[in-house]
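J.: Sharing the record's features from TrEMBL:
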type	residues	note
ACT_SITE	Arg18	active site
ACT_SITE	Asn36	active site
DOMAIN	3-89	domain 'Acylphosphatase-like'
Amino acid sequence: MKRYFIIVEGQVQGVGFRNYTQMNAMKNNCTGWVRNMDNGMVEIQIQGEVEKIDKVLRILREGNHFIKVTNITIKEIPLNPNERFFKYR
């Protein structure tokens, strides 16, 4: 089990990226949150099994017709043992 703080750059605001992130995180039994930043990037904290987080990140990198990810920065952070859901803010 790991938890990561992630910054996503690209065409990631106004294109359903937060919902897309939440949907894929929940499908993979991950907890955490996602929110837009004032600078046009998106901030994510995600927690779960490493293989599941890797799967979510692969899906996010691929994007879709609207979402275009150009860079993802990842930093491991301490676990949040009380977290139960993945939310978007």
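Backbone N, Cα and C define each Cβ position, glycine as well.
Can you tell me where each of these features sits in the structure?
T.: Taken residue by residue with DSSP, Arg18 (active site) is part of a helix. When other Cβ atoms within 10 Å of the Cβ of Arg18 (active site) are tallied across all protein chains shown, the result is 19.
Taken residue by residue with DSSP, Asn36 (active site) is part of a strand. Annotation for Asn36 (active site): same-chain Cβ neighbours under 8 Å, separated by at least 6 residues, are Gln13, Arg18, Val42, Glu43.
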